[in-house]
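Visitor: Okay, so TrEMBL annotates it like this:
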COMPBIAS  305-318  compositional bias 'Polar residues'
COMPBIAS  336-345  compositional bias 'Polar residues'
COMPBIAS  355-373  compositional bias 'Low complexity'
DOMAIN    26-151  domain 'Ig-like'
DOMAIN    159-245  domain 'Ig-like'
SIGNAL    1-29  signal peptide
Amino acid sequence: MVSLPRPPATSLLRFLFLGLSTLASPSQAQLELHVPSGLTRLKAVEGSEVVLPAWYTVQGQVSSSQRWELLTVMWFLEQEGKDLNQVLAYISGTTSSKNGVSLVYSMPSQNVSLRLQDLQEKDSGSYRCSVNVQDHQGIKRSHSSKTLELSVLVPPAPPSCGLLGVPRVGTNVTLSCQSPRSKPAAQYQWERAPQSAQVFFAPALDAIRGSLSLRNLSSPMSGVYICRAHNEVGSAQCNVTLEVSTGPGPTVVAGAVVGTLVGLGLLAGLVLLYQRRSKALEEPANDIKEDATAPRTLPWPKGSDTISKNGTLSSVTSARALRQPQGPPRPGALTPTLSLSSQVLPSPRLPRTDGAQPQPISPSPGGVSSSALSRMGAVPVMVPAQSQAGSLV
């Protein structure tokens, strides 16, 4: 409904009607507005139409020359927390109203009943009817008003059903049901499908909130559950299918998957740790020490040094290394002599001097140390002593 234009005269009439009854003279005829007894509070369903009944009578003695020709009728809607709202006005033979609002009878008439069509919830409130009549001269007037209460009821809108919880054997679940719109508030009722015809009551059922609690589920509890929302003007329903499973729940499956992944991760970590430890043990044997001293170049003595033709060190003797034995060698005894031999070429014979006694050969104090010789691959050998004739003894 749209708001009507409010001329200045209409606005003034609202206030004038309140005091017309007090301004009227006792000698004048009195107007009385009537409503049916017991119908001051009306109820109607949303989308329908309703008639607010009202009529007036004029009491008192009036001469035949007095005629009540001017009639003014106004209907207002009063709602809590809102301004007074004019829904219809009949003034001086002209009617103006909002959409869906009209008078039941054509004016002028003593029946001023109001018709409301296509009702909505927002049309609920207190409807006040004000009637004023006066003679054609506009001098003598009378006024009266009455109020009717209207409540527009809304049937429950189709509710939505849901399932809270995991339906497994031994667990608890809750079936929910809620209608988004209802006036007055809807009441809820749960029942099984017609095959079982099972109806639920408190404490399992919450008729206000529309929830149904099912505890310690079992396989026979599987089926279709129907929720019905209802109030005094209508009802609506929805349903939910409950399937109770006996297998492991998602939590158990997720725990098994997580446990398997953790086990695989630990196994991979142990394998990597073992490989790293094995590699760490092998590396010291293959490492070359950076601070190791390089082998020194052999000092070759001049004069009596003997070198093989192919450049391979066969033996090294130095005249300075020769020293006299402390006693003459015994005949037939072998005197051990230190010599250096290469692994490639055979050791050459030591040069001999005619008429000289064979002397043991020992490394010179200024020669190569035995540890250096060992790193070079030399091995100690026993050289048999020679006789004066040059033959081996």
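Sequential numbering from 1, following the chain as shown.
Heads up, the Cβ atoms here are built off N, Cα and C, so glycines get one too.
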Visitor: Taking helix as H, G and I and strand as E and B in DSSP, count the residues of the domain 'Ig-like' (159-245) in helix, strand and coil.
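Guide: Tallying H, G and I as helix, E and B as strand, the rest coil: 3 helix, 45 strand, 39 coil.
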Visitor: Along the domain 'Ig-like' (26-151), what average pLDDT does this model show?
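Guide: Averaged over the domain 'Ig-like' (26-151), the predicted model reaches a pLDDT of 86.
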